[in-house]
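Engineer: Before we start, here is the structure in question, set down as structure tokens.
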Amino acid sequence: MRLESLYIENFRCIERCDIELSPGVNCIVGDNASGKTSFLEAIYILGRGESFRQSRLGQAICHGSDALTIRSRLNNHEGSRHRIGCHVTRQTHQLKLDDQAETRRYDLISVLPLQHIDPNVHRLLEQGPKYRRHFLDWGVFHVEHAFFPAWRRYRRALKQRNRALRAHRPKHQVIAWDAELVQQGEIIDACRRQYLEHIKRRLPVTARQLVGDDELDLTYHPGWRGDEGFGHAMASSLKQDLRAGFTQQGPHRADIRVSIASTNARDWVSRGQQKLLTAALLLAQADILQSTRGVQPVLLLDDMAAELGETYRAALAAEIERLGVQCFLTFLSPDLIPRELSETRMFHVKQGRIAMA
Ligand SMILES: Nc1ncnc2c1ncn2[C@@H]1O[C@H](COP(=O)(O)OP(=O)(O)OP(=O)(O)O)[C@@H](O)[C@H]1O
């Protein structure tokens, strides 16, 4: 999928922007606080229906305005075209895909798969399992069709079971949810395992080069103990669940371990290497999406030069070039744009005004 155009009105410091985009590499260049991240954020909102800044969308309305608007025309290489948009007021927000009466976040995510690589991307390795589950499930969602319905049913059953546990309801009201949890949990688990095999096969050369001859490996932890399956693990942890007041085992606790030469990667590599390794994992996902579903994701890379020297920047740029997908990269200065990126369209941003260079 590619964005042909982008229209932004009253979004953070961007009062108005109406531009045609390159189907390849788009570089957004400007000083600190000029509006580069806001530009990427606007695209992210179109593809996800929410912001990566974790604030309510209403807070992104330009100070002094009542509403913000973001719109784009999209096309894919097979010629299918879409229009997506988002209109936000202080009270409400409305997402719109083509002429659909009601657009859900699910519709946007399906039509515009976005891969976002920000300066904190290394937290995927450093921080809690939530980030790694999120990473895994982004790919599983787009590639394994059985995943999303199972995930939705699992979440619903988990919520009910936890509610029963918290309220100290009788045991039979708690275990009434177990069959559904186990059935859907096993589908989620199978989808994740299958997807992880794709990742292992496609982890780009960038990552292999990064860790030299040492072995880079990903190990999946399903979220429960023992080898006898989720049903068995769930039954044997009932007593602890009743005591704790929540469901302690299951796919909602899954994790993946990224290791190099059998050592956890976060304890082994430098911050710059962590960043490159994480970016390589995310780019592998983009690669899988293209090769298995023929869908091209859009890449958003915020300040890719931060903490990366020339060699690492060149390696990352070469990988982006190889993928050949549409991407948006921000830079503080044009000198930081790697030479490996060919045919780039450059936009200058100054105090929220965006113009083609
Ligand atoms: N709702 C808003 N209305 C107006 N301006 C806002 C709003 N929210 C944020 N801003 C401002 O927008 C400016 C641009 O922020 P942005 O994060 O896009 O900059 P940036 O170019 O990515 O900067 P850096 O290179 O320092 O990361 C900031 O000065 C910020 O204070």
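Cβ coordinates are placed from backbone N, Cα and C, and glycine is handled just like the others.
Note: TrEMBL annotation is automatic and uncurated.
The domain 'RecF/RecN/SMC N-terminal' annotation in TrEMBL covers 3-352. If you look up TrEMBL, you'll see G30, D31, N32, A33, S34, G35, K36, T37 marked as ATP binding site.
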Engineer: Should we count any of the binding-site residues D31, K36, T37 as near ligand 1, judged by a CB under 6 A from one of its atoms, and which?
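Structural biologist: Among D31, K36, T37, near ligand 1: K36, T37.
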Engineer: Compute the mean position of the Cβ atoms of G30, D31, N32, A33, S34, G35, K36, T37, which form the recorded ATP site, and then list in sequence order the other residues of that chain whose Cβ is within 8 Å of it.
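Structural biologist: In sequence order, the nearby non-listed residues are S38, T330, V349.
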Engineer: Suppose we draw a 10 Å sphere around the Cβ of N32 (ATP binding site). How many other Cβ atoms does it contain, all chains included?
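Structural biologist: I get 6 for this one.
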Engineer: In the structure shown, which of the binding-site residues G30, D31, S34, G35, T37 has the fewest Cβ neighbours within 10 Å?
Structural biologist: D31
Engineer: Looking at the binding-site residues A33, K36, which one has the fewest other Cβ atoms within 10 Å of its own Cβ?
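Structural biologist: Relative to the other binding-site residues in A33, K36, A33 has the fewest Cβ atoms within 10 Å.
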Engineer: Averaged across the domain 'RecF/RecN/SMC N-terminal' (3-352), what pLDDT does the model get? Just tell me the whole number, please.
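Structural biologist: That stretch averages a pLDDT of 92.
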Engineer: Helix, strand or coil: which one is A33 (ATP binding site) in, per DSSP?
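Structural biologist: In the DSSP reduction, A33 (ATP binding site) maps to coil.
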